[in-house]
């Protein structure tokens with residue numbers, strides 16, 4: 001474990017923030033730097049079949065050290081950090097033996113407070129790695145990368161029995177492109193785990209069904225003084241549309257297994273307005289109902305408009321709930337839960353109120369639930385990770401490999 005923290009600090013020093021709306025994959029040059037570094041490290045460790053695709057997917061194999069027909073399994077993390085917050089010049093703070101209370105982030109006004117983040121009350125005595133209040137930390141998902149790399153080293157150094165272990169590091173997960181160019185056949189694993197979760201013990205195999213809704217509103221602009229019966233204000237139509245969306249089904253009003261409608265952006269003038277929503281729901285029928293609801297709202301608001309004025313709505317599915325694919329292979333979850341218990345961790349099965357590469361990979365034929373990393377408050381200045389949690393994640397990865405080798 002001695003190199004776990006060193007690896008993590010090394011990885012977060014590289015700015016790998018991804019960028020939405022970019023055609024190329026990876027979307028940023030910084031991701032290539034980390035991918036090339038990891039490729040070099042994997043080769044130095046003696047892994048075989050180390051490949052880096054033109055779309056930035058890095059794969060490698062730790063060969064089995066025991067004979068027999070042991071299923072090849074995989075571990076996957078992503079190299080990019082969220083576009084929501086800067087990942088440049090990350091300056092981590094290490095708080096040893098946390099004793100409670102506020103933690104000053106750098107020399108500014110930002111603090112990490114248990115008043116806002118009550119989970120801190122449960123972390124007394126542990127080592128926290130925080131930001132300096134100016135950037136995100138990058139534990140999502142460089143904690144996962146450091147944990148996988150350290151687990152590979154532990155498996156090698158301690159000669160722990162295992163089958164073929166496949167690892168992959170992907171780009172652009174945060175902008176929804178991480179799995180689109182993933183070659184499942186080349187990866188050649190029976191199943192895999194993304195290491196991209198949160199607090200210790202989290203095991204996730206359910207995620208949102210997700211869709212995006214883009215609404216284009218075309219109005220008619222004339223001088224306000226002579227507008228009666230002629231002007232069609234696109235902004236007013238946009239306001240009417242949003243007023244029809246259930247206010248109590250927004251992200252800030254929902255939790256657990258509850259779905260939502262989220263107005264992510266809105267811009268415009270009298271003549272033209274654009275709205276972007278995302279729709280999320282765990283239940284497939286409710287998911288489809290939410291999409292129908294948006295179409296009904298657009299029809300209702302657009303009824304009776306002049307032919308030159310219109311509301312155009314485009315709905316595009318993003319990903320689906322991987323639960324239906326993972327539950328077909330219950331041993332995948334059984335092994336992960338047993339591994340956690342063997343490491344004195346009580347598994348906490350909870351839904352992902354978001355998505356992971358694993359969701360898309362599960363529908364591409366690679367069942368892929370999500371393991372914890374020990375990180376919290378992703379995508380912002382209050383992000384932090386627990387060193388002891390990272391160490392536990394390494395132990396669980398190693399134990400999963402060991403338990404799989406026993407399932408001959």
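Using N, Cα and C of the backbone, Cβ positions are placed for all residues, glycine too.
Taken from Swiss-Prot, the feature active site applies to 80, supported by sequence analysis. Swiss-Prot lists 173 with the feature active site, proton acceptor, giving sequence analysis as the kind of evidence. Annotation comment: Swiss-Prot describes 78, 140, 196 as Zn(2+) 1 binding site. According to Swiss-Prot, the feature Zn(2+) 2 binding site maps to 140, 174, 379.
Feature map: Swiss-Prot annotations on the structure.
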residue : record                : contacts (Cβ under 8 Å, 6+ apart)
78      : Zn(2+) 1 binding site : 141, 144, 169, 170, 171, 172, 173, 174, 178, 196, 357
80      : active site           : 16, 17, 18, 26, 27, 28, 31, 171, 172, 173, 174, 175, 178
140     : Zn(2+) 1 binding site : 81, 82, 196, 373, 375, 378, 379, 383
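According to DSSP, residue 78 (Zn(2+) 1 binding site) sits within a strand segment. If you draw a 10 Å sphere around the CB of residue 174 (Zn(2+) 2 binding site), it holds 23 other CB atoms from the protein chains shown.
In this view, residue 196 (Zn(2+) 1 binding site) is surrounded by 27 other Cβ atoms within 10 Å of its Cβ, with every protein chain counted. A helical conformation is recorded for residue 140 (Zn(2+) 1 binding site) in the three-state DSSP classification. Counting every protein chain shown, 15 other Cβ atoms lie within 10 Å of the Cβ of residue 379 (Zn(2+) 2 binding site). For the recorded Zn(2+) 1 site, residues 78, 140, 196 set the reference point as the centre of their Cβ atoms, and the other residues of that chain within 8 Å of it by Cβ are 77, 141, 144, 173, 174, 194, 195, 356, 357, 373. According to its DSSP assignment, residue 196 (Zn(2+) 1 binding site) is coil.
Excluding the listed site residues 140, 174, 379, the same chain places 81, 82, 84, 136, 141, 378 with Cβ atoms within 8 Å of the centre of the Zn(2+) 2 site Cβ atoms. Reduced to three states, the DSSP call for residue 174 (Zn(2+) 2 binding site) is helix.
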